[in-house]
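Q: Okay, here's the structure, questions in a sec.
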Amino acid sequence: MAYIEPAPIKDKENPLESMMERFNLAAEKLGLSDEVYNVLKNPAKQVIVSIPVTMDSGKIQVFEGIRVIHSNILGPAKGGIRFAPDVHLDEVKALAAWMTWKCAVVDIPYGGGKGGVRCNPREMSAGEIERLMRGYTKAMLDVFGPDKDIPAPDMGTGPREMAWLMDEYSRAKGTTINAVVTGKPLVLGGSLGRTEATGRGVMVTALAAMQKLKINPFQATCAVQGFGNVGSWASQLLEERGLKIVAISDISGAYHNENGINIQEAIAYRDSNKGTLEGFKGGDKLADPMDLLELDVDVLVPAAVEDVITVKNVDRIKAKLIVEGANGPTSAKADAIINEKGIMAVPDILANAGGVTVSYFEWVQNRLGYKWTAERVNRRSDRILKDAFDHVYEASQKYNVPMRIAAYIVAIDKVAKTYTFRGGF
Ligand code: NAD
């Protein structure tokens with residue numbers, strides 16, 4: 001359950017178009033000028049490198065590495081590095097832009113970036129992955145930097161790879177610079193509170209939304225899809241605040257209990273059972289795990305994978321509130337029907353922004369040369385998430401748009417205004 005910096009894996013055919021669809025709607029509502037629209041539509045920088053790596057066989061293999069900086073108007077670019085066999089420039093461009101909007105929604109001083117290396121880490125030894133990560137870092141020495149572009153883990157990478165990146169960058173600069181990357185192991189300057197950060201943000205935004213919808217947490221029911229990092233932390237924290245979690249699920253199936261599932265027990269069971277809920281007896285197993293999404297609950301938290309709420313099932317969804325722990329769980333076409341049904345959906349770029357917020361705290365602590373307590377990290381990230389929710393809610397009222405488009409409006413407006421004030425173009 002390694003930390004992964006937020007990134008959507010929406011429409012696999014063309015992720016750039018999927019992101020642009022929502023961007024365009026928000027830009028139109030906002031009355032964005034053509035000039036600024038064109039600037040924000042295009043990434044500021046795209047770098048493609050070839051990375052020769054000596055494989056264990058002794059042969060040299062050349063890998064393609066990409067880094068895209070979509071915008072650095074608000075501050076240094078921030079975004080993960082994805083190691084995957086099918087990663088491509090269009091995808092990385094979409095993910096980089098998406099990071100710009102996400103950081104802007106939670107008002108942290110970062111632009112958006114993303115990286116990718118076309119490789120299959122599952123088929124590579126630890127030594128090969130290390131040489132690839134170091135090679136990628138060397139090739140990106142002029143791109144990365146604590147004031148320029150700060151990578152983090154994404155699919156196929158984790159704290160181990162970030163440690164290699166930090167070391168390679170520091171060797172080249174002749175001094176330890178841990179603020180060049182986030183998602184590091186704790187001992188290298190990672191932040192306390194980061195593991196639970198995303199689930200915590202889901203809890204904070206869910207409670208804020210419930211307040212607006214006048215749903216009493218102590219009388220509310222909730223179903224959570226996905227019981228990994230985000231889903232299990234969100235379940236635990238929501239349960240602690242009074243909600244009855246009546247269903248949870250993971251790749252092994254969905255488990256339902258009208259009287260409420262004991263989340264501590266479920267976590268303990270998963271941890272003692274190779275990370276899966278298979279065989280969990282705290283609830284009845286649903287015949288079809290996707291039925292979890294259609295249960296008659298107040299709050300639904302999709303926290304597993306993308307594209308699970310689609311035109312195929314959205315008609316049968318009964319929840320009053322959806323809080324997107326996962327990235328891209330709702331397809332663009334289902335969006336419209338959710339809105340027609342009057343369901344409030346707290347979008348991914350807001351609901352799961354707790355992760356990037358604590359990444360930002362990791363960078364702040366590294367630069368201060370100081371370590372905050374978990375309590376301080378939690379308090380500060382709760383405040384950021386609550387403020388972000390309030391801004392997005394206000395925008396949704398002002399522009400009479402759903403929360404998703406309102407989140408894009410808040411983000412685009414901030415970047416556009418900063419761009420216009422800075423000028424120089
Ligand atoms: P994880 O790997 O820790 O957990 C994923 C969970 O989903 C597992 O329990 C897995 O069994 C389950 N799952 C997989 N396929 C499923 C399916 N079809 N139906 C039901 N359950 C299924 O991952 P995570 O870190 O919890 O991430 C979950 C989602 O949240 C992803 O979309 C991720 O991009 C997003 N996200 C994560 C973070 C973070 O900090 N970890 C931050 C922002 C967004």
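Placement of Cβ uses the backbone N, Cα and C atoms for every residue, glycine included.
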Q: In TrEMBL, the residues LYS78, SER359 are said to bind substrate. Which of LYS59, LYS102, LYS333, LYS386 is said to bind at that same site?
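A: Of the residues offered, the record points to LYS102.
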Q: Could you give the Cα-Cα distance between LYS78 (substrate binding site) and LYS114 (active site, proton donor), in whole Å?
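A: Roughly 7 Å, rounded to the nearest whole number.
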Q: Specify the secondary structure state of ASP154 (site 'Important for catalysis') as given by DSSP, simplified to three classes.
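A: Once the DSSP labels are grouped into three classes, ASP154 (site 'Important for catalysis') ends up as coil.
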Q: Please go through the recorded positions LYS102, LYS114, ASP154, THR198, ASN229, SER359 one by one and keep those whose C-beta falls under 6 A from any atom of ligand 1; give the result in sequence order.
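A: Checked recorded positions vs ligand 1; flagged THR198, ASN229.
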Q: Going by C-alpha distance, which of the recorded positions LYS114, ASP154, THR198, ASN229 is nearest to SER359 (substrate binding site)?
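A: Minimum Cα distance from SER359 (substrate binding site) across LYS114, ASP154, THR198, ASN229 lands on THR198.
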